[in-house]
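**Q** Once you've had a glance at the structure underneath, I'll fire off some questions.
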Amino acid sequence: MDNIVYDFAKITFQAKDNRSPTTNSNLSWQLNQMALSDMEEMQDTSEPIAPPESDDNVSSESHDSDDVDSQLSRCEDNDDDSDCISGSSRRSSTFGARAGVARRRMPARVSKDNFNRICSAIMKPIKKKQRKELNTNAQTLKSIEKIYTSRRMKKFTPTNLETIFEEPSDENAADAEDDSEECSISSQVKVVKVWGRKLRRAISFSDGLNKNKILSKRRRQKVKKTFGKRFALKKISMTEFHDRLNKSFDSAMLEGDDAEAGGSAEAVNIPKTSMTMEDIQLPTMSSQHQFLMQPAGFE
C-alpha cells in the first residue's frame, strides 16, 4: 500500500500543448533564419579595414567560426526533434482517426462542360388520354360481326367471347320477331345448341353508348318470359271445384272399366254400377271457405 501511495505521489499533472505541430515548425524555422541574419551582421560590422594579419586575429576568427557552427548544429538538432515530435503526433492523430486504414487522397476531377451530351435516363411513355366517345365505323362493326359469326376463329378464350357456335338459317329469320330498336344496326337470328336443346337467339350489334329505358325493359321482359315461367294461381268457387272433381272421377272409373273388359274375356260378368259424386255426401262449407286457390291448368 505504501508503494502505491508513493507511486501516486510521483505523478505530476501538466497541461498539454494544444498548438498545432505546423506552427512549432514554422516558429523554429523563423528563429533559425533570424539567428543566421544576426550573425552575418555582426561579422560585417566587426571586420577591420586592411589591418595586418596576425596570429591573434586568426585565432579569434577561428573561434568565432566554431561558435557559429556549434549554434547551427544546435538549431539543426532542435529542428530535427521538433520535426520528429510533429511527425509522431500527426501519425498518432491519423491512426486514431482512421483506425489504421491508410488512404490516398485523389485529386478532384475536372468538370466537363459538355452540353450536347445525350441524357441516359429512361424516359416514361406519354399517357394516352381515355376516349369518352366510341368511334363506330362500318369497318369496326363488320369486324365485330365477323368475330361473333365465324366458326374458324378459335384463338379467343372463353372469358373473352361466348363458346356458342351459331349457324344462320333463313327459316328461323322469317319466324323471328321484328324489333327495330334492338336490331338497329344489324341482327341475325340463329339456332343454337345449348345443353342439348335448340334455342332461337338474336345477336344485335350496337355502339354501346346509346341506351334506352324502353329497350332495357323489353329485354328484361324477354328474359322473364323464357327463364321465369311459374304456375299462375287462379281463384275459383267451391261449386266449380266440385264439378271438376266429379268429372275427373267419372272419367277415371270409365277408363278402368274398359281396361278390365278388354283384358279378361273369360271372366264372369259381374254387374257394375257407376258411382258419381252425387252419391257421396260432401260436408257443407261455411261462407268463409267459398273460394279456394287452385292451379289454372287443372281440368
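Cβ atoms here come from the backbone N, Cα and C positions, even for glycine.
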**Q** According to Swiss-Prot, phosphoserine sits on which of S37, S187, S204?
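**A** Annotated as phosphoserine in Swiss-Prot: S204.
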**Q** What residue among S120, S264 has an entry for phosphoserine in Swiss-Prot?
**A** S264
